[in-house]
Amino acid sequence: MSSGGGGAKRKKKGHEEHEEHVNHERWLVSYADMLTLLFVLFVVLFSMSDINQKKFAQLAQGLSASFGSKSAAFTGNYAPLDGASNNAQIVQIDPGANPGDGSSGTEGLNQKQKEAVERAIQAEDRKKASANADKAVKEAENMKAIENKISDALAAAKLLNNVKFTIDQRGLVITVVTNEVVFAGDRADLRPTGEKILGAIAPTLAKLPNNIEVDGNTNQLKAKTKYYPSGWELSAARASTTVRYFTGHGIPKKRLSAVGFSDTKPLIDPKDPRSITMNRRVDVVVLTMLTADQAALLPAAAGSDAKLHAGQTTAEAKAAAEAAAKKVEADNASAGTGTTGSTGTTGTTDHSTLITADTRN
């Protein structure tokens, strides 16, 4: 009996210990959830009290597009409520724009509101376009400065005539015409003069943060070679040789890439006699760091430098800028007196000395 009583007593004791841990404040959890829901409700009500028409239209258009153009939930300007019968009340909504129709999202607005939305969109587009143009102009100036530094080094080595420059949407293109100077015909090993040309270019490139792409190109003769079965292998080998030289002269290999184009990207029309020499080349491209939209404006921002041209040293660039400034002053002065100012002439590069009777790539 005593042992049984003791067991009952121990069981009761355990039950009493369990009662001591009961949480009498569990109602606070539900109360807190209710307060959170009320807070969210008031936030939603507040946000609906003052609607930015443009942002609301954009949001509605984005939501409509995310559900798909054939979504039954957002078809036209009406949407049935979940669980509603066929004769239930239809709730009209204004999504701003039908899915995929390309409209501006101004349905439901009066004429003045529509015009205000359109003006805001146009102003934003003009602001973005102006910013892109400013960045393109600045980048063109930077590329021109790089060209001047490389031209200084090439001029000091008396090799400037072997290199031409272009600024396109990729960036600054440094065209090294092989012409038996950089590579022998049908070969991809650098000649001594070729090493000097690349050696003059490399120090400037090594100081830049831009990536560098080296494009190998051949002419259209498609001559079969002893070492390479086609122009693809030859152009790729020349680009790789150039990249290997740059890696050995201070340019990190992670910034370099080599591409072979064979005769698919001629610099000059193959019908032109100069193409035999000029299309057999290596292009060293200083890649721009602009976005695609901004880079598309680079050729226009570069002006005449977007065309193939001879290198201009820093001193020559300074002299040209001073001459241009004086011409503007003279034109302004002549405009005030009613006289006509003199016009200058632009020089053209003579490539006739580059034409050879060579029949190799």
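Using N, Cα and C of the backbone, Cβ positions are placed for all residues, glycine too.
Listed in TrEMBL for this protein:
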REGION    1-21  region 'Disordered'
TRANSMEM  28-48  transmembrane segment
REGION    92-114  region 'Disordered'
COILED    114-146  coiled coil
DOMAIN    170-290  domain 'OmpA-like'
REGION    328-361  region 'Disordered'
COMPBIAS  331-349  compositional bias 'Low complexity'
COMPBIAS  350-361  compositional bias 'Polar residues'
Query raised in the report: In terms of Cβ proximity under 8 Å, which residues at least six beyond the ends of the coiled coil (114-146) contact it?
Result: 53-54, 57, 104-106, 167, 171-172, 204, 208, 286, 288, 290-291, 293-295, 297-298, 300-303, 305, 317
Query - Within the predicted model, mean pLDDT of the domain 'OmpA-like' (170-290) - result: 92
Query raised in the report: Could you count the residues of the domain 'OmpA-like' (170-290) that DSSP puts in helix, in strand and in coil?
Result: 39 helix, 27 strand, 55 coil
